[in-house]
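**Student:** Before we start, here is the structure in question, set down as structure tokens.
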Amino acid sequence: MWEREGRAFSMYKRMPSRDRSDVMDVEENSAFSQDNMDVETSNPSMWLSFPHVVVGTLSSFLFGYHLGVVNEPLESISLDLGFSGNTLAEGLVVSTCLGGALIGSLFSGWIADGVGPRRAFQLCALPMIIGASTSATTKTLAGMLIGRFLVGTGMGIGPSAVALYVTEVSPASVRGTYGSFIQIATCLGLMVALFIGIPVKEIAGWWRICFWVSTIPAGFLAVAMMFCAESPHWLYKQGRIAEAEAEFERLLGGSHVKYAMVELAKLDRGDDTDTVKLSELFYGRHFRVVYIGSTLFALQQLSGINAVFYFSSSVFKSAGVPSDVANAFIGVANLSGSIIAMLLMDKLGRKMLLLWSFFGMAISMLVQVAAANTFVSGSASLYLSVGGMLMFVLTFALGAGPVPSLLLPEIFPSRIRAKAMAICMSVHWVINFFVGLLFLRLLEQLGPQLLYSMFASVCMMAVVFVKKNVIETKGKSLQEIEVALLPQE
């Protein structure tokens, strides 16, 4: 029986891609179906793919690190480089990085499709090393902005690459858990950045060390990816079937290779060699999933979360709270929520976590509004301000943070996955850029009550959007998800 299947599978590999699906329909109903029970009696070991996922999520660690690296040192940077008191220049130091990320994200889908996720990680690490080195050695605002822009291009490539990679190398049984690693790595990056920034006020020029430190994990990512598995999905789309089988063996174990290849053939149906036109993504049959993904990222950013991360030191300082203590609590709240989300992702499901996360964020912002009320006494205002911000970060990490990066690769068909992720991440970075640029100025002009009320309204809008548009993907095959979301031709 195994010999018969081997001959059929060899014939399948030699056939044109558009004929494969017909062959596989016959095979899965005949010889292969007899062996399917033997192959699928247990889930693949999660430990085979674990080291590959961990290395990939180093890009998320770097993402979080560079989001938080200027938080504590921003005042020292402005003094040393001569733009102290200029809130627009301070906003540019933050948002120029996000502008670079937009450029990187625009090309991330084409890079991942062209050279594969593994090479995309290396291309992500290179500008991060060069940019961080530039920022660490500069003596001018212009040099700092150039360095931050280069780092941003790497940050733009990284999120799409890691979301694709984790989705495509993880066993289905732990895909949600591994997807949560992305958010946990981001949290750890933020915490390390905040921790390393603590001595910045006592040691002159310490902010330069903060930038130099980031080159170490970036260099390790570039080197370690040489020894990691390539995405079998990408290899299959390139027609490199034997290599895809070999990588599945590394990731899942030999007994699961044949079943994984048949499932991959059922997903692709031979149409992955066609060029994906942008018109398909913007107003074609794939518009709905791209709309859902883009809107989720837009709502995530408009909720105010990155304003909290970028400028938490300034906000806590105005509330009379020592910034190092406040930032440490923010890091702990973020990491705690991410770990809880990892434990619940494959139990409660993605949609449930999203709904309660956005609702909790709305309540947290209303607490912030109450803290800013002039009728609240000084000590009560302080407790409400700190408590509301920590509650906001915790509830964000429970769902709104980790779920979109996991959910989007699940709902996008393999044929459009990389390019659709690029479009959604571009929306993410455009909004992120303007939030980083304008938050302090809006806080000055509108006041905390009105601004935080706007953030709370966005969170409630997100609850309604998720309820109406997002389907639950927990326990569903990629075929079932595709059928539920895409209109049939």
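In case you wondered, yes, glycine gets a Cβ from its N, Cα and C as well.
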**Student:** State the residue range annotated as transmembrane segment by TrEMBL; the candidates are 47-68, 113-134.
**Tutor:** 47-68
**Student:** Between the transmembrane segment (88-108) and the transmembrane segment (420-443), are there at least three Cβ pairs closer than 8 Å, leaving out pairs fewer than 6 positions apart?
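**Tutor:** Contact confirmed: at least 3 Cβ pairs fall under 8 Å.
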**Student:** Tell me whether the transmembrane segment (420-443) sits in contact with the transmembrane segment (178-200), defined here as at least 3 Cβ pairs under 8 Å among residues 6 or more apart in sequence.
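**Tutor:** Output no: the transmembrane segment (420-443) is apart from the transmembrane segment (178-200).
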